[in-house]
Amino acid sequence: MCSSQVEKQVEVLPKNLKPSNYDIQIFDIDAVANTFSGRVAITMEILQNTSEVVLNVRDLEVASAKVQLTVTKTEQEIPVVEITSDKKQETVTLKLAEPLKAAPSASLVVTLNYTGLIQTNMAGFYRSRYTNAEGQDAVMLSTQFEATDARRAFPCFDEPNLKATFDVAIVLRADWTVLSNMPELESRTLDSGKKGPGADQELKLVRFETTPIVSTYLVAWAMGDFECIETTTAELYNGKPLPVRVFTTKGIVEQGRFALEMTAKTLDFFSQKFEIPYALPKVDLIAVHEFSHGAMENWGLITFRSTAILYDPAKSDPKYQKNVAYVVAHELAHQWFGNLVTMNWWDELWLNEGFATYAGFMAVDNFYPDWKVFDAYVSESLQSALNLDALRGSHPIEVPVYSALDIDQVFDAISYLKGSSTIRMLATTIGVDTFFRGVAKYLNRHKYSNATTANLWAAVGEVSGVDVAQIMESWIQKIGFPVLSVSETEDHKLKITQDRFLLSGDVKPEENETKWWIPLNIASDDTDVVKALEAKELVIDKPANFIKLNKDSVGVYRVSYTPELFSNITANIETLNAKDKVGLIADAASCAKAGLSATSTLLKLAKALSGESEFVVWSELINRVGEITSTWYQQPEPVQKALNKFARELYGPASAKIGYEVAETDGFLTLQLRAKLMLAAGLAGVPEVVAFARKTFDSYARGEKIHPSLRIAVFSTVLAADTVTAADFDLVLKEVLTPSSLDGREIALQSLGCTNTAVLGNKAVTLLSDVPTMDAHYLSVSLAANTDARHLLWDYFAANYDALYKAMSTNMVVLDRFVKVSLGSFADIKEEEKIRAFFEGKDTNGFQRSLSQILNKISGNAIWVNKDAGDVEAWLKAEHYL
């Protein structure tokens, strides 16, 4: 595409003006009518001659505008002759009576008075509803501006490279607390005659200190009936410990204690790691009752979904503690990577998210090594990235972004997880300490500014002496990743070739032109050989006692071995660590899908690993075997029953071995392993697990507690059993409607999707229109995975699409996620054609990329099952399951 076409398509503001400061005042806040008023004075430079001022706005009505020009101390008001809005482009244009001339001595102040809407869709300046400690309905107000929703709260230059300082002042009810990025500068009660709109309330004015130079998407405020807990860092910042606070609405703040402690020590950890101290005078974290994402890294005021910051050791599933630790660390990493140094444009979003993901795992691993989070990373994050990037509808890490709707769609597993995986691969190859010295150079060189991928590679290259830009170019700029085909030559050498990997297995020549730089990381008994493949093919001496390629699953690629080499690996499987076992399982499953090996190879591997004791290995096994049973749902009933029998015999003994009851001495990974095995065994119908779940559930119905780690296994097993009743369903539904713990609704929704009767399945799908939109995906992902319910989900989706679209499309992040997780589990070309036809002629802007990926996934599933149905049936017969 030529540059003129790209420029025409990228929706950016004219380059004639550049902001330096915003003075924002928010007032007349009416949380009943959901309206507010504002005034913003934007100080800006004149870069090019212009006769108009163009700003971003959305859902704002600009009532008046004043333009004040100062040239060498001479002030002049420039009359505004017309104010016009363009809703499609989300802009307001002030046409001036006379042109502005660019001059170094010129300064422009544009003041706008406006009114706006307090949103109800978790974007912009929005309202969250909740039930307070007294059982009454209440609201809190907060902001979510990333990617392009600052324009919903104040007229602005809403682009990441147009940084400025911000002065924020807010008028609100006197009994509420208000927070912003910076510490409070002033708070005073207004004259008693001034009351809050629609109520007899005293008001106060709160001003905050001026921010450093920052992008609009990182500005934030929040207000409500809050309380807080606080601590300080161990290290000194500007000569004193840094204050750290966690805020919640009243009554739940103690559940933020773990996040508070994690924050304080992680700030010190990153300040040392990045060789630059945290830049602001405070950091606040706040739980927001309605939240579309996991969290948002607003500089100095980080906002969170409640389950991503609050953790109750007595009531929460332990996996939520790990999630809180990681999300806190991820958002704190952004305070440097994203806030202090910001990507120049959204096409390099991965610089923010890929790095924050990798650094977040590093921090958690540093403080909680027993959790083995990088083992989990290989099973969860790396595999999620590879699974998505193996679809033809994927995209490069660095992808052109032309509009606000494009931006939301690149917040996906490629930007976050492939981005972080390539960083992990690079850092491991050149040395983690060396890599972070390069990162520190990058941050110091570009602080309070914007930077590019090339800037990062330059800094890391200077420190490492490696041409980082050259070796990483294909990983960042090209779609997809390679599969390495490994064979042994007649003279006992290893022949290794690289090709583009697609799950559909039908790579076209024009799709197979990329040559990746690939660290081979060859594992052998004697030593580990680090060698890189840069050509399409390489022949090397076979190391003594060769074990496998891609030691520790560091490389972002698949490996396909000949049957002989694969047999040698499985014969020595007990010598592999957890990361290598996970990689071997995932590669076997993916290569089977792509037609590079047989699915029976994966089934054999699963059987060989039946004595495994590591959580992440079982997690990967369960996921990959589950993909087979899920995809084979239209095969003859005897084959489906045989696969379930295999699953029962795989999971049953392992679940019995670890035991069904929780012991006080159980560590984090033991709790996770028990829960994972029990859930898999329960859904497969292992009689002992089903009986235990029923007994535990009946006790729960009588008022007894279930250990937090076992709720999802117990609920799901009971609802999936043939003995399920409407009363069972309603008891779990009660946890959705009135959760007894912070994580209760999420767990109950995931469980309700496991029901196996048409009556209860239809009852479950109708909940999609009733649950908060921020939580709907927890139910839909479970329904889609349920072979008894996925058609009910599709039927409901199609019949109620207009209503679902209306409810979710005001926040495209929510709609895109819902579509993505709801429709991709089918394995029939007819279903793919039906979904494709359904969306024909519909407005898919905002989720068209996900829709393409869904269709790729369904067609790939269909190809897989058609190719290997006979292979799987033959193996099941040979092993006496059929």
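Numbering starts at 1 and runs along the chain as it is shown here.
Quick reminder: no glycine exception, Cβ is built from N, Cα and C everywhere.
Binding site for Zn(2+) per TrEMBL: H330, H334, plus E353 from the candidate set E348, E353. When secondary structure is read from DSSP and collapsed to three states, E331 (active site, proton acceptor) falls in the helix class. Within 8 Å of the Cβ centroid of the Zn(2+) site, not counting the listed residues H330, H334, E353, the chain contributes E297, E331, A333, F337, G338, N352, F355, A356, T357, A359, G360, Y416. You'll find the Cα of E331 (active site, proton acceptor) roughly 13 Å from the Cα of Y416 (site 'Transition state stabilizer').
Within the same chain, the residues at least 6 positions away from Y416 (site 'Transition state stabilizer') whose Cβ sits under 8 Å from its Cβ are W350, E353, G354, T357, S381, listed in sequence order.
Within its own chain, H334 (Zn(2+) binding site) has E297, N352, A356 as residues 6 or more apart in sequence whose C-beta sits under 8 angstroms from its own. E331 (active site, proton acceptor): 27 other CB atoms within 10 A of its CB, across all protein chains. Cβ-based neighbour count (10 Å, all protein chains) for E353 (Zn(2+) binding site) stands at 25.
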